[in-house]
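So TrEMBL lists the following for this protein:
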TRANSMEM  17-40  transmembrane segment
TRANSMEM  47-65  transmembrane segment
TRANSMEM  71-91  transmembrane segment
TRANSMEM  98-116  transmembrane segment
TRANSMEM  136-159  transmembrane segment
TRANSMEM  180-209  transmembrane segment
TRANSMEM  221-237  transmembrane segment
TRANSMEM  244-263  transmembrane segment
TRANSMEM  269-288  transmembrane segment
Amino acid sequence: MAVAGALAPSFLSPLNIQVLLLAVAVNALIAFSQMIIIAIGQMNLSIGAIGGLAAITFAGLMEQFGVPAPLAALAALALGLGCGLLNGLFINWTGISAFVITLASLSIFKGINLGITRAEPFYGVADSVKSFGQALLIGPVPWLMVPTILAALGLWYALSRLPIGRFILAVGGNSHAAELSGVSVGLTVTVAHAASGFLAALAGVLLVVRLQIGQPTIGDDWLILSFAAPVIGGAVLSGGHVSVAATLFGTAIVAVITQLLVLFNFDPFLVQIVLGAMILAAVGLNRLREARLAKALKGGAR
């Protein structure tokens with residue numbers, strides 16, 4: 001932050017800090033949604049489609065049917081949970097890889113989105129939603145950070161203190177060994193995908209609150225972002241090792257770099273190039289670290 005402030009003095013202005021935290025509030029949930037799937041050694045390509053479908057459900061229920069905002073949000077979150085649950089169930093029932101299943105569901109969920117909206121946005125967001133989206137908790141910290149902080153605490157507790165968290169990491173580390181030790185691999189995978197869908201839906205709902213409009217394009221650019229923060233945070237793509245705190249830190253790094261590029265008037269497309277380069281660098285460093293660790297262990301065993 002200090003370096004960013006030195007490079008661009010306006011970076012540390014209260015308004016810019018607020019914009020930065022609003023981005024982190026949504027992007028961290030997107031990252032958490034992928035992180036929980038990386039933990040089991042899989043990937044979810046449908047995160048953006050689930051988040052987008054939840055977003056237009058939230059906004060559409062308010063505009064088309066006059067549903068109160070809290071009920072519309074609950075319906076959107078339940079939908080996201082259900083979409084993730086379907087992903088997990090189909091992966092278990094068919095034995096097809098998560099890559100293929102979530103690639104197919106991406107197309108299905110996006111098609112439903114466009115079928116509902118006809119590619120037109122929903123503008124009828126409730127006034128209470130608009131007020132919440134603009135409200136500040138303290139100083140430049142927006143209230144939108146609260147759901148993200150609660151989600152981060154819940155994930156940390158689940159992964160470090162609950163049996164399901166240990167099962168998720170065990171399945172990612174070695175699914176065969178986990179199954180031999182009594183872990184239900186199928187149930188664990190299903191729970192992880194359901195949680196991923198819920199988190200993606202929460203990100204979609206918060207993005208509607210932030211933008212104050214239900215855009216059918218919400219989620220279209222989430223895929224690279226969903227991988228960037230966990231990988232920068234040291235997540236092992238083969239599974240078994242993730243960190244909520246490190247993923248949150250990775251999200252902040254991505255947000256800071258993105259905001260700096262905007263402040264310096266770089267081409268927006270450069271952001272995608274930078275994110276891709278950061279993922280390659282992070283994966284390369286992780287592989288190098290793993291190779292050195294394996295070499296050290298091998299040398300110590302002699």
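The backbone N, Cα and C atoms fix where each Cβ goes, and this holds for glycine too.
Nobody curates TrEMBL annotations by hand; they come from automatic prediction.
On a predicted model such as this, the values are computed, not experimentally measured, just so you know.
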Return the stretch with the most CB pairs under 8 A relative to the transmembrane segment (269-288), choosing among 17-40, 71-91, 98-116, 136-159, 221-237.
221-237
With pairs closer than 6 in sequence left out, are the transmembrane segment (180-209) and the transmembrane segment (71-91) joined by 3 or more CB pairs under 8 Å?
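Output yes: the transmembrane segment (71-91) sits against the transmembrane segment (180-209).
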Count the CB pairs under 8 A between the transmembrane segment (98-116) and each of 47-65, 136-159, 221-237, then give me the winner.
47-65
Relative to the transmembrane segment (47-65), which of 136-159, 180-209, 221-237 accounts for the most Cβ pairs at distances under 8 Å?
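Ranked by Cβ pairs under 8 Å, first place goes to 180-209.
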Take the transmembrane segment (136-159) and find every residue of the same chain, 6 or more past its ends, with a Cβ under 8 Å from one of its Cβ atoms.
14-15, 17-18, 21-22, 24-26, 28-29, 32, 35-36, 39, 165, 168-169, 199, 202, 206, 209-210, 242, 244-245, 248
